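Reading through the structure tokens given below for one structure.
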């Protein structure tokens, strides 16, 4: 359940959704604005879907992607109003990130205090202390390294830049015809 929300929160916005304040599309200009905003605080980075995506890519390379995924799952959990959904999400967060058998266990103090019994009576802030620990871990450890990484320093190439030159496309087509015959 929260995995869909995490995916939704961290999905990169398509270039057509990126606009300057006047509504005109300007992905290169917006990218510079975004990276400046991301550099100002981890909070700003986590509010921007493209920022979250790049930060996730960075954390994946550092083998600590579970930290941002846990943080996002907790944010989604806090917004849940339906009690049954809250119970399901609480159990999923616990089983995915906090239990001894968790597939993506985060390193936080106090996780053992959360038990299955507590999960039956969830409340929106039940993971807050653990989420704060992970936020601080990211803020004072991973975030500073991210700001020095290529994922932050080098702007994403636009689709036009990523297209192959015409000669390479023609050569690739010729090669595919040779191997397909």
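Each Cβ is built from the backbone N, Cα and C atoms, and glycine gets one as well.
Among the candidates 41, 99, the residue that Swiss-Prot annotates as phosphoserine is 41. Of the given residue ranges 1-35, 106-140, Swiss-Prot assigns the label region 'Disordered' to 1-35. In Swiss-Prot, the annotation region 'Disordered' applies to 155-181, one of the ranges 47-73, 155-181. Annotation for residue 41 (phosphoserine): no spatial neighbours, criterion Cβ-Cβ under 8 Å with sequence separation of six or more. Taking a C-beta cut-off of under 8 Å and a sequence gap of six or more, residue 74 (S-palmitoyl cysteine) has these contacts in its own chain: 93, 127, 128, 130, 131.
When pLDDT is averaged over the domain 'RGS' (41-156), the result is 91.
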